[in-house]
Amino acid sequence: MTEERSAVVVRDVRKSYGELKAVDGVSFTVAEGEFFGILGPNGAGKTTTLEIVEGLREPDSGEVRLLGESPWPRNVKLLPRIGVQLQASSFFEKLTAKEQLQTFGALYGVSAGTAADMLELVGLADKANEQENKLSGGQRQRLSIACALVHDPDIVFLDEPTAALDPQARRNLWDVLRAIKERGKTIVYTTHYLDEAEILCDRVAIMDTGRILALDPPAVLVRGLDAPTHVTLQKGVLSVVDASALDGVDEAHEDEVSLTLSTRRPAPVLSALAERGALDGLQVRTATLEDVFLNLTGREYRA
Amino acid sequence: MTAFKTLSVAMLKGFVRDKVTLFFTFLFPLMFLVIFGLILRDAGADKTRIAVVGDGPIVSALRDSGALELEPYNDENSAVQKVKDGDLPAALIIRGQRLDVRFAQSDQVKSATVLGIVNGFVDKANLAATGQPPTFTFAAEKVEDASLKPIQYLTPGILSWGVAVSAVFGSALTLVSWRRKQVLRRIRLAPISTTSVLSSRILVSTGVALVQGATFIVIASLPLFGLRLSGSWWLAIPLLLLGTIAFFALGMLVGAFAKTEEAASAAANIVVLPMAFLSGTFFPVDQAPAWLQAVSKIFPLRHMNDGMLDVLVRGKGIEALVVPSAILVGFSLVVGFIASRVFKWEE
């Protein structure tokens, strides 16, 4: 990936609020068309980083380039090329979904018709004439994403778009995010849901206390862990002793409801279990980004 | 231009759809107009009622003249009791040729009026009985004096106040709510100038002020209230516009400091309410003590009131706009400048 082709270039950005180093030497690049995630618990510095990249805040030091331009101070030439969805749902009072889009579109000189088309993309066409405050949390979130996309920007910044949504609404939103990516947009998004980032992102940066701890495709991060796969079975289908004796099993333990085997070679373990017909209640859990986070910080991930 | 138009339409829709704002913009000030207008409608015009026992030529003459309202009673005791109770200022008791007046000591002004009127009728009847032509005569004729009927000063006053309230609250609450909901940040991230956003909001406010003005004047002109507009009423339009801008600027200043909508409301009330009382919204300031009149001169609302009064009802010409306009423009510039200095994009 050459820097000239990069949509976003961030070099050693720092920002302190008094003693607190909110962003402490962050560097990354995002390629055009990439879905880039910044993950971390609350207070990790994700939002501040994003705000600096968007041009809402001036970094104490370091450099940001969006499509080759500096976003700070307010760069009117750059603004039409970036779309920003803010953390709070920022809407005009008492306007319907369609009117919100048309009003935000007008700020960029987008025609009313084009603006209204965005409702289709986020699956709100049937809510066009509902007032924003009558929409559900998920619908509002989708509307705010539509507002960020209304002027057809090249780079889209989304700050925790799935926060505070129920699981069904989160999954609906994933489809919207994938549809945006298919349009060839570069997406930079923050989340504190590691599972979601694993599914959606091409690459993720894991942040904690103002620093990037790791940056790679999710699969690479997980594989790099060399963490065991956990195979869980219903209690009683196999004794702990028999289980431990199976080829490939590193460790077996049992609690009130289930038997869990740890293995680094799941294939022979699973076939051995199948031979014995001992697959009742089978669940296979591979390592996740949560394990990566635990490994990087030495503590449990808490969103 | 499209952005400006769309933003204006968006804000107008937001305004029209907000029932609470509509109430405080139109109905609330109108309520004051109606209440004060009705309370003060007949101020000073009430006739004095007295109790009367018996009848005769003097009573008929009194009744025909309409100078007093007569409440007939059958016996002296109940009539006097009414006076004792303080319900009526006096009782007139006819005993053939003799008239007795029993009056309440507490209300000397009314008693004196009653005594004077009754005495006058008795004298006239006596004179008529002698058959002599009167030596001295007098004729009475009404003169329109400079003091205004209540509705004439209430309408410009309450209208100016209503415009001030909606402009201050409108701009302060919009600013605070947009900052809290990060609409301001969103606007800052769009390639649009602050001027476009600000001017579209001002356009909506001035439009609202003009509708307020029209509504007020139409309602006050109903026969029930009886407002009579002067020929130069249209000079109120530039005053309404300048006043709206001045109070819009004041709202921006309030909104720059307030963190929440509640705080903005409270702060706006603290600014607007005392100003309204001291600026002659509900009563003419020229009845107030001199020092209070001097104090009231520092308020832009006072000058807007004065200007409105001059052009709406006093029939003064364009020269009456000079001082109020200059003060409103000056106020807008100074307060607007301070507001732009303390303005914050985000919390």
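Just so it is clear, glycine is given a Cβ too, placed from its N, Cα and C backbone atoms.
The domain 'ABC transmembrane type-2' annotation in TrEMBL covers B:115-346.
Here the transmembrane segment (B:20-40) has Cβ contacts under 8 Å with residues 150-151, 154-155, 158-159, 161-162, 165-166, 169-170, 208, 212, 215-216, 219-220, 224-225, 282 of the same chain, all six or more residues outside its ends. The annotation transmembrane segment is assigned in TrEMBL to B:20-40 (among others).
The transmembrane segment annotation in TrEMBL covers B:158-178 (among others).
Marked as transmembrane segment by TrEMBL: B:202-227 (among others). Tertiary proximity for the transmembrane segment (B:202-227) is limited to same-chain residues at least six positions away from its ends with a CB under 8 Å from its CB atoms, namely 8, 11-12, 15, 25-26, 29-30, 33-34, 37-38, 41, 149, 151-152, 154-155, 158-159, 162-163, 166-167, 170-171, 233, 236-237, 240-241, 243-245, 248, 312-313.
What TrEMBL lists as transmembrane segment is B:233-254 (among others). If one looks beyond the transmembrane segment (B:233-254) by at least 6 residues along the same chain, the residues whose Cβ comes under 8 Å of a Cβ in the stretch are 156, 160, 163-164, 167-173, 175, 201-202, 205-206, 208-210, 213, 217, 264, 267-268, 271, 300-301, 304, 307-308, 311-312, 317-318, 320-321, 324-325, 328-329, 331-332, 335-336, 338-340, 342-343.
According to TrEMBL, the feature transmembrane segment maps to B:266-285 (among others). Below 8 angstroms of C-beta separation, residues 32, 36, 148, 153-154, 157-158, 160-161, 164-165, 168-169, 172-173, 250-251, 254, 257-258, 292-293, 295-296, 299, 301-302, 304-306 of the same chain, each at least six residues beyond the ends of the transmembrane segment (B:266-285), sit close to that stretch.
The transmembrane segment annotation in TrEMBL covers B:321-343 (among others). Below 8 angstroms of C-beta separation, residues 235, 238-239, 242-243, 245-246, 248-250, 252-253, 255-257, 300, 303-304, 306-307, 311 of the same chain, each at least six residues beyond the ends of the transmembrane segment (B:321-343), sit close to that stretch.
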